[in-house]
Amino acid sequence: MKDSYISIVIAYLMVTFILVSSMPIEGEKGELGPHRLPCPPEYANYCFNGKCVHFVAQDEPGKPCYSCICDKFYIGKRCGTLDLTNPDF
């Protein structure tokens, strides 16, 4: 039972990663959308292998929420991990 639970969690994480990594960052007019903004210049190197995005809707008072949209084959909070499980690798 534990193995099937782990398999389900891994499958869920892989699907989530695929969905997030395939999301376009910029819209047709070069806008990130109403809840996403480009990160300020001081965060230009925040993501190791991806693009930094400021998620305004998730900000806490005095604590902005920055996240990364990872390049292909990279995962992790700051896109610092090479995804060797990707079948296209």
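Backbone N, Cα and C atoms are what each Cβ position is placed from, and that goes for glycine too.
What Swiss-Prot records for 1-30 is signal peptide, and it gives similarity to another entry as the kind of evidence.
Classification of CYS39 (disulfide bond) by DSSP places it in coil, neither helical nor stranded. Taken from Swiss-Prot, the feature disulfide bond covers CYS39-CYS52 (among others).
Per Swiss-Prot, domain 'EGF-like' is recorded for 43-80. Note on the domain 'EGF-like' (43-80): its mean pLDDT in the predicted model is 92.
A 10 Å cutoff on Cβ-Cβ distances gives CYS47 (disulfide bond) a total of 23 other Cβ atoms nearby, all chains included. As annotated by Swiss-Prot, disulfide bond applies to CYS47-CYS68 (among others), with the evidence given as similarity to another entry.
The feature disulfide bond is assigned by Swiss-Prot to CYS70-CYS79 (among others). Following the DSSP three-state reduction, the secondary structure of CYS79 (disulfide bond) is coil. Close to CYS79 (disulfide bond) in the fold, though at least 6 residues off in sequence, lie CYS47, PHE48, ASN49, GLY50, CYS68, CYS70, ASP71, each with a CB less than 8 Å from its CB.
In the structure as shown, the Cβ atom of CYS39 (disulfide bond) sits within 10 Å of 18 other Cβ atoms. Taking a C-beta cut-off of under 8 Å and a sequence gap of six or more, CYS52 (disulfide bond) has these contacts in its own chain: PRO38, CYS39, TYR43, ALA44, TYR46, TYR66, SER67, CYS68. Under the DSSP three-state reduction, CYS47 (disulfide bond) is assigned to coil, being neither helix nor strand.
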